[in-house]
Amino acid sequence: MRESFADLTSGPRLAGRLKDHFPGVMVSILVALAAQFVAEHYGAPAMLMALLFGIALNFLGDEGPTAPGISFTARTVLRFGVAVLGARISVEMLLSLGWSMIALLVAGVGLTILFGIGLARLIGQRSRFAVLTAGAVAICGASAAMAIAAVLPKDERSERDLLFTVLGVTVLSTAAMILYPILTRSLGFDDLTAGAFIGGTVHDVAQVVGAGFSISETAGETSTLVKLIRVSFLAPVVVVIALWTPRGAVTGGKRPPLIPGFVLGFLVLAALNSFELIPAGLGQVLARISSWALLSAIAAVGMKTDLRNIIQVGGGAIALIVAETLFLAALVLGGISLIDLAP
């Protein structure tokens, strides 16, 4: 007989679940703290460090007292972190860039995903893997990968594909953080154009900030704004993917809800922020909570996945994610040359 919600949340049952999850959640948080320490003191990407540290502690995610909490962090805490990202988005932010730039960013997301699916078919990769990698490349890197993976059908390759995607976009984003400022200087871009290019192409928010502000204050502010516009596309893309998922492809024959709960949370917070109902101080707190939730979640994903499985993805998967990155860069570069970005 199936347990009711009241049974699950009753005092003894809730206490038991908290006891089961506590060790794994704490391990995930500790790994996230270690990753953040390395990021702050040595300049390494925090997401990449959390992922690598998690992989090194893979044995903790298999069995034992930490396994339930690690699984909880990799799934539930992840979705919570994505939902809270909505507090950083507003309609005013969207409109401040102008319709031409918004249209270019929308085209960048849609065409990159379509390009990924088409290329995947040519090189023998699965369409769902292409959606995962292209969505991560086009929107916001590791955060998008984890959100998209949450609504894709699950099978024995799901965790391996997610871990590869997070690792791939983080490494490529770090490379772009170094190379793209050099590229914009060689092309003679002004600070506004350079910021728009970096914000429209680099995968992860942290690397966008690093690349943009390495050029100038103006480039940094512009790149961050453009990047957050791309982040705002996460919710509609996840909804479309949930609708696209065939009913029979989902374990047990059940389609994910039309709007997953964490996507609804993202949209609600974005709406509240648009109406200025989230105080600036609270918004900053929510942004920090989201960052730590996602950092802990990616550490947990690392601990749940065997590195030997990552090697099995093969050269085709690497070629796919690199090609998607180059396609997005070329598309945005061409589009920016046709847009007047002057305020």
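Backbone N, Cα and C atoms are what each Cβ position is placed from, and that goes for glycine too.
As annotated in TrEMBL, transmembrane segment covers the listed stretch 21-38 rather than the other ranges in 21-38, 39-56. Counted as Cβ pairs under 8 Å, contacts with the transmembrane segment (21-38) are highest for 281-301 among 97-117, 129-150, 281-301, 313-339. Beyond the transmembrane segment (162-183), the same-chain residues lying 6 or more positions past its ends with a Cβ under 8 Å from any Cβ of the stretch are 45, 47-48, 51, 55, 132-133, 136-137, 141-142, 145-146, 149, 194, 197-198, 201-204, 207-208, 210-211, 214-215, 298, 301-302, 305, 309-310, 313, 317-318, 321-322, 325, 329. Contact between the transmembrane segment (313-339) and the transmembrane segment (97-117) holds: at least three of their C-beta pairs are under 8 Å, each pair 6 or more apart in sequence. Sequence-distant contacts of the transmembrane segment (281-301), counting only residues of its own chain at least 6 positions beyond either end whose CB sits under 8 Å from a CB of the stretch, comprise 24-25, 28-29, 31-32, 35-36, 46-47, 50-51, 53-54, 61, 70-71, 73-74, 77-78, 80-82, 84-85, 87-88, 142-143, 146, 159, 162-163, 166, 269, 273.
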